[in-house]
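Reading through the structure tokens given below for one structure.
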Amino acid sequence: MRQGAPARGCRWFVVWALLGLTLGVLVASAAPSSPGTPGVAAATQAANGGPATPAPPALGAAPTGDPKPKKNKKPKNPTPPRPAGDNATVAAGHATLREHLRDIKAENTDANFYVCPPPTGATVVQFEQPRRCPTRPEGQNYTEGIAVVFKENIAPYKFKATMYYKDVTVSQVWFGHRYSQFMGIFEDRAPVPFEEVIDKINAKGVCRSTAKYVRNNLETTAFHRDDHETDMELKPANAATRTSRGWHTTDLKYNPSRVEAFHRYGTTVNCIVEEVDARSVYPYDEFVLATGDFVYMSPFYGYREGSHTEHTSYAADRFKQVDGFYARDLTTKARATAPTTRNLLTTPKFTVAWDWVPKRPSVCTMTKWQEVDEMLRSEYGGSFRFSSDAISTTFTTNLTEYPLSRVDLGDCIGKDARDAMDRIFARRYNATHIKVGQPQYYLANGGFLIAYQPLLSNTLAELYVREHLREQSRKPPNPTPPPPGASANASVERIKTTSSIEFARLQFTYNHIQRHVNDMLGRVAIAWCELQNHELTLWNEARKLNPNAIASATVGRRVSARMLGDVMAVSTCVPVAADNVIVQNSMRISSRPGACYSRPLVSFRYEDQGPLVEGQLGENNELRLTRDAIEPCTVGHRRYFTFGGGYVYFEESAYSHQLSRADITTVSTFIDLNITMLEDHEFVPLEVYTRHEIKDSGLLDYTEVQRRNQLHDLRFADIDTVIHADANAAMFAGLGAFFEGMGDLGRAVGKVVMGIVGGVVSAVSGVSSFMSNPFGALAVGLLVLAGLAAAFFAFRYVMRLQSNPMKALYPLTTKELKNPTNPDASGEGEEGGDFDEAKLAEAREMIRYMALVSAMERTEHKAKKKGTSALLSAKVTDMVMRKRRNTNYTQVPNKDGDADEDDL
């Protein structure tokens, strides 16, 4: 009958266990024994290198037929072996055989005994023939080489461009008496004509002050400062960015002259030349400037090398291509040494210029991502797998190569791949390997293009060369050339690359684990199959020695078996409870001196209350119904027999004591399965596109656009200068224009006149400003009040002088004369009665002469101013007057001098 998988799985274990036990018995029997020397246990320990333990002493045997022996105290643990000299002292304290058996049964309650009747041949079995084992999995077709991995180029094409435009600002201002107000500001940008760019800006570094442009289909012209057209010098911008420079013609906005209560207009034309960065992305049909302005024309458009087929959205007269163009640095005025082909395009808002270059090889849709020094290529089914431990990645491709002609704008792939491969080969493989053929290109999943250069070691190369020469000798001399490749007419395409490499890394991990597990399981399957075939031979031989054990291990339960030729007859064994089995304490045959049983005798019952059956203990807890296992008695007899869950020890054919399985050293028959554990592998960070590449992939750099727009006023305008409204500006402008028209003499006179007028205006303006100040008005008011007070007192003094000159001129003298306490005055008055007429006349004469002296001094002073003749006349008059004064005037003695001095 067929057996299940668990039974077949335990066969090899049982066979090796039997062989191990047989080896142990042979070693024990071959070891020399003497009285007092241990038996099997000693042999086992000696074989293991340990010290020999003395055998325990023989115990007194209990009566054979007594099923219920006298109960003594039960020890908790098995009694350890004791020296032979202590047998007489410890014999009384040992437990009987049945008590020890009960202890064994209590410790191993799951140990059962079996009664196996002899097979009759009703059921026969045979062993399976050896199986054919699977072959060892062969390795894949691995090829080592160098690889360069390309990814989609998401970076835009960048180039330098120059913008030419004129900022036109028209401001409307209303001027009041004390303030001005903007009523409107119109701002626009006008392109610079081609002729002005070439003949004025690039040739001389100047720009016209007018801007002529079209708005609403009407051509209009703006004049800077509302004046005639002139050439204005271009000067560098105030603040330059990191990536561009700029030049312009004016800093300040022009405001109209002040005329109160009128609306005035002023025009400013600022010519600006600005270097900017330009960007264009695939398919390069347009480009955008750093200012945010779009140009709907391919940067590769032109009239050379078929570039006129590129995209453009402008009319032909708006574009111009100049060959042999020498650019000029507007800061240093230096001219470029090498000519270029210059493209110029005018738009409604600006004119842009850039250097023309051919489209190939200026741009490439693929870019190099990784250079891999060691790349293994293996074939799995219908695909190639490229694996590299350096980047922990596996790429899956088709078996066919990918033609580079299908890659749109892929001229850089072959050159970059060859350069990188040559550099790696020269550095690492030049002395050990050779290149096999030309680089091969494969398109991997995810949009990665792999350039692969197979390598071959020098040793293998010699073998392949010899084989190749043999193959070439067998080929026909003129082979048919292959048909032209279909890729010549294949349509081009752009390869799209994913932004994540995680799928390739997962593929690498899966391949790594799959390769390891498959190899390990393959080795296990082969070893298992070969082991089963080897064990089958042992099973066939072992069944002849012990068919019961072989049959039980094969069937999976306890059976009895015997060989019937080449087949084995089996019968089922009957289980017997451990409590119903009793072992006898002696193995000697009383009726036959010198003969002993080779196995212990037992008594058992099939059921608890059944009759007692006599038998013999077989191997592996088998209860034999016969007692025919006999052998001659020997001196130094020591045996261990399996009994339930432990062992019973017989010495000199008599029971000694019991042992548990843990007391016996175990010799393992298992074969260790050598399985290589999965090695550790660390993943390195890997990015397809860096943060900078993703940020730079767009057509517009919004950060740069915002920066430039916010810096525009700072670069091309003076934001710190403040122009105040001036009411006299119109008058000065008119005077200046009047004198300018009179030539050089008029300009000289105009400067003098305008200087005088400016001084007067400044003085008046200063006074007006001082009066408009609150503190100034207060000071003027105080000065006016002080002046009025001074005028009042002066007027009063003059009136007093006219009414009473003496009192006004000599107030103290007059006061003394009127004082009645003066004795001189009172006495003289009383004596004379009135004033002295002579003195009064003299006083009048003195006053008259004083007036005459004053008149003479004035005459002399005027004569000095007029000249010599007047001075002589004044001298003559003075002499005449002196002559008269000497004749008529006589000095009056001063009689009252002392009195006057006392009064004073």
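Positions of Cβ are set from backbone N, Cα and C atoms, glycine also.
Range with Swiss-Prot annotation motif 'Internalization motif', chosen from 9-12, 537-540, 653-656, 889-892, is 889-892. ASN674 is the residue among ASN674, ASN888 that Swiss-Prot labels N-linked glycosylation site. Of the listed cysteines (CYS116, CYS133), only CYS116 is recorded by Swiss-Prot as the disulfide partner of CYS573. The disulfide-bonded residues shown are CYS364, CYS412, CYS596; of these, the one with its CA atom nearest the CA of CYS133 (disulfide bond) is CYS596. Nearest by CA distance to CYS116 (disulfide bond), out of the recorded positions CYS207, CYS364, CYS412, ASN430, CYS596, is CYS596. A Cα-Cα distance of 62 Å separates ASN430 (N-linked glycosylation site) from CYS271 (disulfide bond). Averaged across the motif 'Golgi targeting' (849-852), the predicted model reaches a pLDDT of 75. Ranking the glycosylation sites ASN398, ASN430 by the number of CB atoms within 10 A of their own CB puts ASN398 at the top.
CYS529 (disulfide bond) and CYS412 (disulfide bond) have their C-alpha atoms 56 Å apart, to the nearest angstrom. Counting other Cβ atoms within 10 Å of each Cβ, the disulfide-bonded residues CYS116, CYS364, CYS529, CYS573, CYS596 show the lowest value at CYS529. Each of the disulfide-bonded residues CYS133, CYS207, CYS412 was assessed for Cβ neighbours inside 10 Å, and the highest tally belongs to CYS207. Cα-Cα distance from CYS271 (disulfide bond) to CYS364 (disulfide bond): 37 Å (rounded to the nearest whole number). Of all the disulfide-bonded residues listed (CYS271, CYS633), CYS633 has the fewest other CB atoms within 10 A of its CB.
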